[in-house]
Ligand code: NA
Ligand code: NA
């Protein structure tokens, strides 16, 4: 009772503009005072909430993402995506999901992906005559591919609350991720004419890609030589993919440590190609360090409140509640999706994974859903959550980078979300093999 | 803690109990004897006290890991802790983990699982400075060695192996001298075995079965190098003392009942696990010969000075003596 | 007042330099950990260092974010309430709740620090005393309480000025 009202209070405080971390702290304190529970564990719970090596993946992958961006590795991956898609209509729009997947193969975070890609892609696509409202939204919707393609920081977080293999989780999201990217490309192909106006193009761009489709079809041979050149230029990035992939799967380093390996590699590439100056490097470290306090501080505050959710058996109650509504597995699965999508509107990825996962595991076990599949459902919902306001991290970042208001992104968001993202959720919910097939043939017990 | 002090009269006392062990949830308890013994304890206390003391159990480390769980009990944020008192809390707690203190479950049963035994009484003294009381000790488990490379008999056989260790002074100091010791979180072990990032780990047989490590490593040796005192019932001192005497008695008795229960079932589990590993999962189980085991014990003796200083010389000698006398 | 401003600036500078160094250390220590495993050398308990650096950085920079309003918040009510004065008053109230919450947290932290000092608890690898690490956490929440209190005072002054 008290815990439920406190939870509601937290939502109200958040709605009234109080910072998310303080809302959770205040909610927990109010609950404790109200229910007459001792406050003794508040500070120690907060402190120990961050004492987990898996959480270290967050700053490491953020550092790596920033270093790759500054070292020019992100640029080269965009060029590669561009060269790959040259033959297709509306290709530049489709380069966004493809570049997100390519960049995803070297970093573990959606936030790092959109931060790195938006700077470059927004400018270039706008100069070619693409509507910024569309490109910004496409960037936000594609960013989740950054972790759906392994390495995947969310998988590392997930494994810290559920006993599953991180390596198996990495494989589980590959096929859903590729399908997700494919859907976004298909939607782009259908609607791009609405958002692409070549007559608005500003002069010449250094990108070889299409400004008009006619030019393309004439230069069939140019495609391959172009792709070859782009591939050559992308070699440092491709080597990086190989190192990270081989390193994790040969056991040379853990998924968390992959963040550090990627960071050091980007540092070396940047120094070799002279794209990274000393000043740049220091600013990357400083900015990443400074940004930690704004979102990592949410974790200890949520931990305080979730301790009392656990002590009050709330996860079991919710699981039992779902079970008491119906025994129909399909409806239970839809309810899981619904809980996650709604939670995703309000909560950030870390909170969603760390708080909601323990609540859903009993339900998943009850209906015989493998935890690996639950994880994939979770990750897709995390991705959807990053583009569903009010708490829509990737929309915020895209809006900040493009100068476009969130409200102006709603029109292009509708098709991308409804036809691009939601079907992926339905697919991973009802077709377990989409997630489980790849880890299984690679020998994981999922 | 407020909960326990304020309640007299009719209002039931409510206690929170935490462990890292899996919730058997009333089901099959094979290989879950630790969680099951806590479940039994809670059920017994709730019944025998006729609802005057209600204990709520939290399994699977949801309230924190072993370190955190013990400290929460110590501070009175929870009232009972069930599991291993870690040496990170108190170096003296390392005394139970002296290499080769016990190599046989039956010896532990005889020496440790006895409320009137000197071993238990000496152990209980260590909790006085931690605002807590040791209620009872079960058999816990003894750790062998699993690896994916080859059979291990004498100590030289591990020289070419990468063995997983964890942040613990005794574990590290023991293994780093004889093999390539690699600290690693237990959650990463399955994949690491599969990809040969590590060759093996020291672990109890029943946990090897439940964590399915037999899928990725096929050689087990009963080196039984360490007894993990993992089945201790420890209660917060104030919480215990604030109970009326008859409830205190119920709590203590139920804790011993649960300890006996765990002891019987863990011994069964261990035997069943060894049998299943060999016949069901194609793992080669190697039982060390006395000569082979002696090579390990000699090594343990050669590094014992370090451990002796760490846990305290007097305590070390005393516990070692009690274990040896009882085992005869 | 000038002295306070100076202290404020000094703290910010120290925190900025500290997190820069900490991030460099986090990256390189984790990398060396990989090398150490590969080449069989030991980095002697330093495996745990990055985690504690991260904890310290998180708390310290969280305090700095109060000043630049850098904490994640949603502000849904702004979509419906356009009136500036109402907005301001709601803002003062939520800031007040925040300040009280952090003040309580700081006091609770002091208890945990005292306890860890008394028990002489340290981290497993490097034996860093927990009370120092927790002390930095409390230092941050005290700073946060001060900044939020200052925001409240500024806000109230503005409200008074309307009349
Ligand atoms: Na990725
Ligand atoms: Na959202």
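The backbone N, Cα and C atoms fix where each Cβ goes, glycine too.
What TrEMBL says about this protein:
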DOMAIN    A:9-433  domain 'TRAP C4-dicarboxylate transport system permease DctM subunit'
TRANSMEM  A:7-34  transmembrane segment
TRANSMEM  A:46-68  transmembrane segment
TRANSMEM  A:134-150  transmembrane segment
TRANSMEM  A:156-187  transmembrane segment
TRANSMEM  A:230-252  transmembrane segment
TRANSMEM  A:258-276  transmembrane segment
TRANSMEM  A:288-310  transmembrane segment
TRANSMEM  A:330-361  transmembrane segment
TRANSMEM  A:373-397  transmembrane segment
TRANSMEM  A:417-438  transmembrane segment
Other parts of the chain folded back onto the transmembrane segment (A:230-252), taken as Cβ under 8 Å at six or more residues beyond its ends: 68, 73, 76-77, 79-80, 82-84, 102, 105-106, 150-151, 167, 170, 258, 261-262, 265-266, 269, 273
Stretch in A:134-150, A:258-276, A:288-310, A:373-397 most in contact with the transmembrane segment (A:156-187), if contact is a CB pair under 8 A: A:134-150
For the transmembrane segment (A:258-276), sequence-distant contacts whose Cβ falls under 8 Å of one of its Cβ atoms, 6 or more beyond its ends: 56-57, 60-61, 63-64, 67-68, 70-73, 106-108, 151, 153, 236, 240, 243-244, 247-248
Range from A:7-34, A:288-310, A:330-361, A:373-397, A:417-438 with most C-beta pairs under 8 A to the transmembrane segment (A:134-150): A:373-397
Intrachain residues whose Cβ lies under 8 Å of the transmembrane segment (A:330-361), provided they are six or more past its termini: 11, 14, 20, 58, 110, 154, 157-158, 160-162, 295, 298-299, 302-303, 306, 309-310, 314-315, 318-319, 322-323, 367, 369, 371, 374, 377-378, 381-382, 384-386, 388-393, 425-426, 429-430
Chain residues in Cβ proximity to the transmembrane segment (A:288-310) (below 8 Å; excluding those fewer than six residues from its ends, i.e. six or more beyond): 3, 6-7, 10, 20-22, 24-25, 27-28, 31-32, 37, 41-42, 45-50, 55, 58-59, 62-63, 66, 348, 350-351, 354-355, 358-359
For the domain 'TRAP C4-dicarboxylate transport system permease DctM subunit' (A:9-433), mean pLDDT (0 to 100): 87
